[in-house]
Amino acid sequence: MRYVKGKCDLIIGGLVFLSCLVITGVNGSIHEYKDEAFIPRFNSFFFHGGSEGLYASKVQDSPLPVSDDSNNNKPLNGKSFIRFESITFRRTKEAANKQNEMQQSTGIVEAIILEVKDRNEIGGSYLNSDAICCTPALSKDGSCKVGEVIIHQDPENPGWPKRIQTSFEGNREEAIMVLQTVEINKTGMYYLYFMFCNPELKGTLISGRTVWRNPEGYLPGKMAPLMTFYGLMSLAYLILGLLWFLRFVHHWKDIIQLHYHITAVIGLGMCEMALWYFEYANFNATGSRPMGITMWAVTFSAIKKTVSRLLLLVVSMGYGVVRPTLGSITSKVLLLGVVYFLASEALELVEHLGNINDFSGKARIFLVLPVALLDSCFIVWIFSSLSKTLEKLQIRRSMAKLELYRKFTNSLAVSVLLSVAWIGYELYFNASDPLSELWRRAWIIPAFWTLLAYLLLLVICVLWAPSNNPTRYAYSGEALDDDDEGLSLTGSGVIVGGDLSKLERKERKASITADHVFGLGEVVLEEDKRE
């Protein structure tokens, strides 16, 4: 128990740390730089300023204004662009003091915008050289200028890749980039790099921000379809919730506690999809992720995933069908649920509260692995429990319940096979597209899991729908199970036999109610039926 408690404390501490870490930068299409350093690469120094899928501007007849007026959004309608705001480069004092105060340009920093397919046009690859910056030897043929990044212009798209230069003046420590907007007139995955070639600028830091926008809003291209998807899923959950509620009210006298658990999952799903839709809508309108809505959406998502998996697990165990309680394994089920919630919450926080251009691949792997391992535990436990439940139903010759569980098992098996196949496709997709060139199809990866969860919930709603004949799936006081999972109908002991008095039946009902887990399950005793 000390080990389990210590492990839980460690996970909680890690979750709090991750929350504090990612909440500091809840940004999306607004890429912020806070005294970031440049990385050496061959004979250059570079800083990755961001990458996003951008659609071409729908309106290209009027140029974008150079100055920024946040109160006037009319010029932005139908425009796709990258805007540089408050970009400042700061070199070291030692580097600044070496320069002549009267010299006009004592160092150049270049902003390079390129479409991913044109990545080979940067550097000396087309000149059979590994150099990124132009050298005296490479400048002899006039193809580049010494001290600048080598760029081979695309003849079919003049002016691209785009180069924007900012110069240090005299011995000043700071150079401020002119506020400007680069319009995007061609759909593609765009990368932004800040680069310099002068070794004397080593140690230079960058601060400021860039704003990226698509014609319909600030959502990155690979995320834009998800807003529509979550809107449709909100409608799907609303329809399912309405149909379930009407059925629930119509057969309210025959409701068992398992129906309340299913209702809770439907409600959580409705809230989750609605929150994600409003989160994406706000993100699209402002360019930044609203921290409050995002936190709620992430939390509801983690809770819904956990409760959904617990629902599958307790249904697979035959809860309310072949057993009235979970007995001694209740603590194990709850512990698995709590650990899964914490792991899922941590992963969701990092994925949705960090900057969208975060390349935290290694950090994400450390969070994905626990979730994947816990999902595997759920799958193994669910199918082993299903096997035991089917075996018990065959022994008892409960043909209606056996058929019900066979349908459920087949549906679950199909979902697992689809999941495995989709994981394989996802691995192939990510491995074959390291530079996000297939960004317009990336939204289907997360959408699949949301849709699969909805379909599984729909199957459970159909199989366990409230009806006038709840005994076809409800526990009906059958023979007790003497397995090692601790099934107990009373909290005080085992019933030897014979008819129970009214007082004994009341005490038994009270004990059964106290033993119920999650508030799920209502035992119908044969003695009470005969009363």
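Numbering starts at 1 and runs along the chain as displayed.
Positions of Cβ are set from backbone N, Cα and C atoms, glycine also.
Annotations in TrEMBL come from automatic prediction, not curation.
As written in TrEMBL, here are the features:
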- 225-470: domain 'GOST seven transmembrane' (DOMAIN)
- 223-246: transmembrane segment (TRANSMEM)
- 258-278: transmembrane segment (TRANSMEM)
- 293-314: transmembrane segment (TRANSMEM)
- 326-343: transmembrane segment (TRANSMEM)
- 363-383: transmembrane segment (TRANSMEM)
- 404-423: transmembrane segment (TRANSMEM)
- 443-465: transmembrane segment (TRANSMEM)
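Below 8 angstroms of C-beta separation, residues 309, 312-313, 316, 336, 339-340, 343-344, 346-347, 350-351, 412, 416 of the same chain, each at least six residues beyond the ends of the transmembrane segment (363-383), sit close to that stretch.
Each of 223-246, 258-278, 326-343, 404-423 was scored by its Cβ pairs under 8 Å to the transmembrane segment (293-314), and the highest score goes to 258-278. Each of 223-246, 258-278, 326-343, 404-423 was scored by its Cβ pairs under 8 Å to the transmembrane segment (443-465), and the highest score goes to 223-246.
Sequence-distant contacts of the transmembrane segment (404-423) (same chain, at least 6 residues past either end, Cβ-Cβ under 8 Å): 312, 315-316, 318, 321, 379, 382-383, 386, 389-390, 393, 448-449, 452, 455-456, 459-460, 463, 472-473.
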